[in-house]
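Input: a single structure, listed below in structure tokens.
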Amino acid sequence: MTEVGVIGGTGFQPGLPERRRTVFTPYGTVRVDITRVGDHRVYFINRHGKGHDLPPHRINYRAIVWAMRELGVKRILATNSVGVINSDEYEPGDIVLPVDFLDFTKRRPTTFYDEKVVHVDVTEPYCPELREALLKAADDLGYTVKEGAVYVATEGPRFETPAEIRAFRKLGGDIVGMTGFPEVVLARELEICYASVCLCTNYAAGIDDRRRTIDEVFELVEELRPKAVELIERCIEYIPPKRSCPCSQALEGAEV
């Protein structure tokens with residue numbers, strides 16, 4: 001039986017619910033919904049909390065990822081809402097698997113290693129095995145899922161300016177969001193595989209002439225949510241029992 005963690009927003013819980021558990025971590029308590037997909041146990045954490053009351057810059061990312069570790073999770077699948085920067089390749093309604101990121105967050109804690117020196121390698125930040133499983137699941141379901149994007153992480157809670165988006169585009173950014181970082185790095189620091197399923201909900205500022213509103217974001221999230229949940233559920237069936245990716249040896253040679 002593979003134990004999988006899923007981090008997402010309200011309504012993204014996969015599988016059949018079984019029970020709820022509170023996990024105590026050095027960084028705070030985390031409420032976890034335990035579900036089952038086939039023979040696999042799934043631990044779901046709503047990163048925004050009950051009622052979506054936590055903005056992106058106040059989410060306790062370290063507690064969330066540490067809770068997954070406490071539960072014995074070795075694979076994490078996350079969902080993230082994003083805006084489209086590279087309109088030549090992506091558009092609202094797309095589901096995208098990022099392969100790299102640019103970090104433009106400012107104040108949130110981004111590491112577990114404040115007391116010792118650890119330089120974890122993130123040459124391939126998103127687990128290749130999980131991405132492959134997601135692509136197999138998409139093919140099985142007949143869904144179009146695009147891979148290869150560079151995710152730009154911003155602090156929030158405000159949307160980005162057109163000037164920022166132009167700069168991100170020049171730096172190679174394809175999509176932009178507020179919740180995908182530092183989860184990806186925190187997972188790597190604990191040698192947990194991590195992949196993100198990004199839901200393109202709108203064009204970023206300046207890409208079109210429309211004003212950004214949270215209503216349009218939530219509207220498209222609701223449209224994409226059933227497909228994303230089904231994709232994750234099918235992906236879980238394709239995850240191999242044993243890991244052969246570099247994520248499981250991320251700390252080898254990393255500590256000074």
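Quick reminder: no glycine exception, Cβ is built from N, Cα and C everywhere.
What Swiss-Prot annotates here:
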BINDING   Thr10, Arg47, His48, Thr179  phosphate binding site
SITE      Glu160  site 'Important for substrate specificity'
BINDING   Met178, Asn202, Tyr203, Ala204  substrate binding site
SITE      Ile214  site 'Important for substrate specificity'
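Among the recorded positions listed here, namely Glu160, Met178, Tyr203, Ala204, Met178 has its C-alpha nearest to that of Arg47 (phosphate binding site). When the CA atoms are compared, no recorded positions among the candidates His48, Thr179, Ile214 lie within 10 A of Ala204 (substrate binding site).
Of the recorded positions Met178, Ala204, Ile214, Ala204 has the largest number of other Cβ atoms within 10 Å of its own Cβ.
In this view, Asn202 (substrate binding site) is surrounded by 22 other Cβ atoms within 10 Å of its Cβ, with every protein chain counted.
Annotation for the recorded positions His48, Glu160, Thr179, Tyr203: lowest Cβ count within 10 Å of the residue's own Cβ, His48. Comparing the Cα of Ile214 (site 'Important for substrate specificity') with the Cα of every entry in Glu160, Met178, Thr179, Asn202, Tyr203, these being the recorded positions, the smallest distance points to Asn202. Each residue contributes its Cα atom, and for Met178 (substrate binding site) and Glu160 (site 'Important for substrate specificity') these two points are 10 Å apart. Here the Cα atom of Thr179 (phosphate binding site) is found 14 Å from that of Glu160 (site 'Important for substrate specificity').
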